[in-house]
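Data block below; observations after.
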């Protein structure tokens, strides 16, 4: 087969795949992403860059998984806060019954407007999520966590009873039903998940996530969250350095890693990630332990430089503008920044009765990466 014929055959195959399986099912790693994907920022500039489209795509399923106390819930709550800042409505399905309102509020979540459910069974939790998403009035739903969505038969049974594959079947059935509704209503669905170890695995990674394979298949984005090291102030531990790896991404090339500081009681340190990204792009100069900007020293050591940025918002904003430009991340739209009430009115139309198709909420869209 000639070179031109091979190229034509490949293009025909790619078009057929996209027609059969949807946009983003296959792509060249170096090509530009779809600029029409509507997104909401994750609350972390580094994660927005790693995701490749400037945030979480609307109408898609996202899975966040990792070991215990790695920062999974923190990452999800930052997404909730960002949606609420843009006039959106958020729902939180707390299957673990471990929601901390004070911590969520510290991260920027409007607790008074957050819709919270603490279901008794997995079926109840997923049915509540389905009803909320189907209403067209919800912009983001967080399920915390998949492992805690216990099937009714297991709840009502005796300790020690065998329920092989019951939760996997529940998740498979629920996701088949939810995926289409999520896409139509442009809702972001975030499923937090734990990790387990497969017994008898001698080679390869023994870790897996509970709930079967369905969530892995239906997720547009899968994020693996792991602690890298502790952050100390003198001898006191004040936070954790966390790595967020994009292990699956159907809207941009995957396998990128974002490193963030999660500070106890504060969430993701935006000044810390801004400093790291600016230093990587030579926007902020780093010589030894000193950080400087436009020839002026802003701190000796990373923590002092972070503190300087927190105390000088004008400098921080100027650096952030340059970092966004360097990484190709859009700032929020002028409409959202200047007229938030208008955005709220547009979002309210989604919930208006008689609408055949909910209006897509106004949100920043990603330009060329």
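All positions are counted from 1 along the displayed chain.
Glycine too: its Cβ is placed from the backbone N, Cα and C atoms.
Source: prediction; values computed, not measured.
What Swiss-Prot records for this protein:
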- 66, 67, 68, 69, 70, 71, 72, 73: ATP binding site (BINDING)
- 339-369: compositional bias 'Basic and acidic residues' (COMPBIAS)
- 328-369: region 'Disordered' (REGION)
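Feature annotations (Swiss-Prot) mapped to structure.
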residue : record           : CB count, 10 Å
66      : ATP binding site : 24
67      : ATP binding site : 14
68      : ATP binding site : 8
69      : ATP binding site : 10
70      : ATP binding site : 23
71      : ATP binding site : 23
72      : ATP binding site : 26
73      : ATP binding site : 24
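Sitting within 8 Å of the Cβ centre of 66, 67, 68, 69, 70, 71, 72, 73, and not among those site residues for ATP, are the Cβ atoms of 225, 226, 227. For the recorded site, residue 66 (ATP binding site), the DSSP three-state label reads coil.
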